[in-house]
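Enquirer: Sending over a structure as structure tokens; questions will come in a sec.
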Amino acid sequence: MYQFELDISGNKQTVIGELYEKKSISVKQLAEAGVDVSQIDGDRVERYLIKTGNRERVELDFITVLETQVESRTLADGIAVIDRVKNGKFYGYPISFIDDGVSKSMTDLPDGLSAADKVRDEIRQLQQTDIAEINRQLELLRLEERKQGQQPELELRREKLEQDYSALEQRLFALRQKLEQDAVLVRDMAGVMVRLPLGQVLDLWYPNNLNFIEKLAHWGHQVGKFVSEDPREANTEGGVFPAIFGTVFMVLLMSVVVTPLGVMAAVYLHEYAGKNRFTNLIRVAVINLAGVPSIVYGVFGLGFFVYMVGGSVDEIFFSDQLPAPTFGTPGILWSALTLAILTLPVVIVSTEEGLARIPNSVRHGSLALGATQAETLWRIVLPMASPAIMTGLILAVARAAGEVAPLMLVGVVKMAPTLPVDGQFPYLHLDRKFMHLGYHIYDVGFQSPNVEAARPLVYATSFLLVTVIVGLNLTAIGIRNHLREKYRSLEY
């Protein structure tokens with residue numbers, strides 16, 4: 001963190017911020033852009049991109065200055081970076097910590113931040129568990145009233161739930177008031193004292209005072225927060241845990257669907273179907289399906305799974321909740337089924353090639369010993385073909401985990417308030433929308449209000465997506481290699 005003393009056309013100012021980028025630019029280019037270059041010597045000059053933070057007090061998150069406009073640049077001790085719930089990071093000099101109206105030393109701040117974290121966790125628990133459960137019961141009560149009409153018993157239940165809700169709301173208000181009482185006093189780059197409520201402060205550190213080991217530990221702590229926390233500030237701050245969970249859960253659900261379908265189709269084509277033109281035509285059609293653009297599968301999933309299948313499910317099982325859709329709207333189930341159809345040709349082709357590699361002598365030997373064709377298939381052929389099945393699954397996972405276009409039509413969203421798995425009955429909610437790392441990259445990189453500030457998040461999320469895909473593939477490869485070694489001796 002630097003403190004810059006700037007002189008821009010006679011206007012002197014002090015700026016605190018990160019040196020985000022340094023680039024050499026030609027003086028001719030600056031002159032053509034209308035910049036006064038009379039004070040610049042030479043053909044090129046350094047241009048600095050400085051991240052200033054303090055979003056609510058400074059118009060721009062970033063400022064651009066020329067090297068000739070910088071009078072001094074110092075790594076001043078005592079400059080802190082304050083991570084906040086909203087408005088991004090705040091840069092300044094912490095002065096004191098206010099605890100219950102009493103000004104204390106900054107050495108007491110870690111205890112205050114720890115207490116604030118506990119209060120925030122309690123608020124989150126109230127919102128996501130207790131209040132969410134009351135809202136669920138109120139919704140069930142509303143549906144029951146639609147069936148039975150106004151009943152005294154239902155009115156009593158509603159009054160009791162509303163009383164419980166009011167009590168929780170008062171408790172929630174008290175916790176929020178508690179967070180607003182304590183604060184940190186910080187002097188910003190303009191010399192103004194700013195009061196930051198402790199409820200808005202997530203972390204505080206002094207980057208210029210950290211040694212190498214402390215920087216490494218801080219980096220590890222930030223990585224842990226990145227992969228375990230929820231997003232903030234329209235996905236431009238915070239972590240990506242819901243996107244990680246949604247991506248992995250959707251891929252696993254897709255794998256559960258596509259593997260048995262692909263194996264059954266391959267077994268039928270290779271073991272039972274006749275060797276004729278119709279079978280060859282089916283094989284050609286399956287191979288050609290792998291070349292269909294993914295967005296076409298998305299349109300098919302939206303029309304068939306969401307509107308036709310989901311609408312029918314709502315009419316049969318959730319008619320009391322209509323016209324509000326339950327399964328007749330995009331969700332993680334339809335996303336998994338759509339990607340299962342998209343990756344089905346890969347599994348079929350890979351499995352059929354594995355079946356073709358098994359010697360007929362193995363089948364004949366099993367039949368000669370009295371086994372039926374079904375027993376031979378189940379106990380001999382499929383176990384020997386399992387490495388090829390796992391190969392198809394690996395390719396399917398690699399394809400599905402990176403797909404974004406079809407998911408935009410059948411279930412992925414910018415921000416999902418709840419996960420598909422939580423503590424509310426029935427615990428697994430396949431009708432819910434979800435977040436995906438691929439779409440998160442697109443959203444942060446191309447729909448963010450501040451592209452420069454979001455650029456590191458795009459790189460980090462991209463690396464994380466590759467890591468997740470590699471992790472899933474390595475797991476499947478390990479299983480495949482184990483199965484291959486197990487049945488290798490039977491191939492000879």
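Quick reminder: no glycine exception, Cβ is built from N, Cα and C everywhere.
As annotated by TrEMBL, coiled coil applies to 124-178. According to TrEMBL, the feature transmembrane segment maps to 240-269, 281-307, 327-349, 380-401, 457-479. Positions annotated as domain 'ABC transmembrane type-1' by TrEMBL: 244-476.
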Enquirer: With the transmembrane segment (281-307) as the reference, find which of 240-269, 327-349, 380-401, 457-479 contributes the most Cβ pairs under 8 Å.
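Expert: Going through each listed stretch, the top one turns out to be 327-349.
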Enquirer: Do any residues, 6 or more residues outside the transmembrane segment (327-349), come within under 8 Å Cβ-to-Cβ of it, and if so which ones?
Expert: 246, 249-250, 253-254, 257-259, 261-263, 265-266, 269, 286-287, 289-290, 294, 297-298, 300-302, 305-307, 309-311, 313-314, 318, 389, 392-393, 395-396, 399-400, 403, 406-407, 409-412, 420, 430-434
Enquirer: Which whole-number mean pLDDT does the model give the coiled coil (124-178)?
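Expert: That region's mean pLDDT is 87.
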Enquirer: What same-chain residues lie close to the transmembrane segment (380-401): Cβ under 8 Å, and 6 or more beyond its ends?
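Expert: Those are 247, 250-251, 254-255, 258-259, 262-263, 267, 271, 339, 342-343, 346-351, 353-355, 357-358, 362-363, 366, 371, 438, 465, 468-469, 472-473, 476-477, 479-481, 483-484, 487, 490-491, in sequence order.
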